[in-house]
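Each remark here refers to the structure printed beneath this line.
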Amino acid sequence: MLKVLIPTIMLFPTIWLTSPKWLWTTTTAHSLLIASISLMWFKWTSETGWTSSNTYLATDPLSTPLLVLTCWLLPLMILASQNHINPEPISRQRLYITLLASLQTFLIMAFGATEIIMFYIMFEATLIPTLIIITRWGNQTERLNAGTYFLFYTLAGSLPLLVALLLLQQSTGTLSMLVLQYSQPLQLNSWGHMIWWAACLIAFLVKMPLYGVHLWLPKAHVEAPVAGSMVLAAVLLKLGGYGMMRMMVMLDPLSKELAYPFIILALWGIIMTGSICLRQTDLKSLIAYSSVSHMGLVAGGILIQTPWGFSGAIILMIAHGLVSSALFCLANTAYERTHSRTMILARGLQIIFPLTAVWWFIANLANLALPPLPNLMGELMIITTLFNWSPWTILLTGLGTLITAGYSLYMFLMSQRGPTPNHITGLQPFHTREHLLMTLHLIPVILLVTKPELMWGWCY
């Protein structure tokens, strides 16, 4: 664990002491090294339990894929941000990269924590850098409103969780995940216990976000700079799913009945947010709502609490993290050239950027779950689980997948096909940096098809 954590912490002096000329090169190289070292976690010494462990930090089959995704994303965020942060003063550039690196440190400690209180503290600590990135480097003044929404939604959900955790500590005497899995299941039957159950899960459902408490997400995504959108879509939403899976172990007797309304809400949300996507004119807003739709499926898979549901949820979280991050990068490259996120003003780009149209095509097909890709594997596992629970859910999930295909193709056709407007014919060509960025996003998605056990979690 420390093999990754110590180099990540050493990024901070590197960022502040490197000469301005080499700042971006050094940080990108350093973070790529960290990402390659993190791949070692995939080599589990024991197939089932915790590995790389000390008293407070450990990895297991559930957290490993998410940890590697976190480390993989930092060099990509630094690569994506170069163009629009470069004109700023050097101290601000350093601060920006410092915030990204601190976010990675918090996330590694959140996914690696074995103590639930430590997970909670890191879960909350990720708010601070994200909030600064959104409110300081966002595009329009609306970013302050988005930051407020983001902060208050997440904090309002998290405070009951803290109280619930303290109550759990009082009743079981420990909050270590290593011990809790062997402790006696709690006898939960009163109203107070039901409120306690809700308090444990609401924080994660807000973070995912579940339809109904998702209003902060489109605002935050649309206003954030590209690195903010990438880390929000790829890793921060996954904190919610990860936390739910960890808490479900302790909430076992109650969860069977109380989860029903949340499952229905998640499935209804897939259709509702998908329908909202079909009406969007703003490119980033469309990708943000599609994230809500996918995470609704993940929430359903986790709340069912079967091995297939958990596996499907992890697979879909990893695949969605890479793909939606890639889509935000593509949206940003178009925005940097046309200075507009409105799809009608920047259409027909395929004629000008043919290779980029290929990236758009692959990313969109991955988003709508094309057969060999892991997105489909995750969706099929979750849909099968839900169908086993109640055959009626096939109506909702089937309609949801249909709408997903619809808005993905709509996004591709609106941005790439059609006549090219006269005002965007003189755009600068794509850089190698951007092609590298897309390669590093989409190659892992394609490679995961060949060895999907890496993200099957406990089932494997």
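Each position is counted from 1, following the chain as shown.
In case you wondered, yes, glycine gets a Cβ from its N, Cα and C as well.
Here is what Swiss-Prot says about this protein:
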| type | residues | note |
| --- | --- | --- |
| TRANSMEM | 20-42 | transmembrane segment |
| TRANSMEM | 61-81 | transmembrane segment |
| TRANSMEM | 93-113 | transmembrane segment |
| TRANSMEM | 114-134 | transmembrane segment |
| TRANSMEM | 148-168 | transmembrane segment |
| TRANSMEM | 195-215 | transmembrane segment |
| TRANSMEM | 225-245 | transmembrane segment |
| TRANSMEM | 258-278 | transmembrane segment |
| TRANSMEM | 285-304 | transmembrane segment |
| TRANSMEM | 308-330 | transmembrane segment |
| TRANSMEM | 351-371 | transmembrane segment |
| TRANSMEM | 394-414 | transmembrane segment |
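Across 20-42, 61-81, 148-168, 195-215, the stretch most heavily in contact with the transmembrane segment (308-330), judged by Cβ pairs under 8 Å, is 61-81. Counted over residue pairs separated by six or more positions, the transmembrane segment (195-215) shares fewer than 3 Cβ pairs under 8 angstroms with the transmembrane segment (351-371), which leaves the two as not touching. Pairs of Cβ atoms less than 8 Å apart link the transmembrane segment (394-414) most often to 258-278, out of 93-113, 148-168, 225-245, 258-278, 351-371. When Cβ distances are compared across the two stretches, the transmembrane segment (114-134) makes no contact with the transmembrane segment (351-371), since fewer than 3 pairs at least 6 residues apart fall below 8 angstroms. As a quick check, the transmembrane segment (258-278) and the transmembrane segment (225-245) miss the bar of 3 or more Cβ pairs under 8 A, pairs 6 or more apart, so the two do not touch.
If you look at the transmembrane segment (225-245), the same-chain residues 6 or more away from its ends with a CB under 8 A from one of its CBs are 62-63, 66, 69-70, 73, 76-78, 80-81, 84-85, 96, 100, 103, 107, 110-111, 119, 123, 126, 130, 133-134, 137-139, 201, 203-209, 217, 284, 287-288, 291, 295, 298-299, 302-303, 310, 313-314, 317, 320-322, 324-325, 328-329, 332. Between the transmembrane segment (93-113) and the stretches 20-42, 285-304, 351-371, it is 20-42 that has the most C-beta pairs under 8 angstroms. For the transmembrane segment (285-304), same-chain residues at least 6 beyond its ends with a Cβ under 8 Å from one of its own Cβ atoms are 205, 208-211, 214, 217-218, 221-222, 229, 233, 237, 240-241, 244-245, 248, 255, 259, 262-263, 266-267, 269-270, 273-274, 276-277, 310, 312-313, 316-317, 320, 324, 327-328, 331, 341, 343, 367, 378-379, 381-383, 385-386, 389, 393, 397, 400, 403-404, 407-408, 411.
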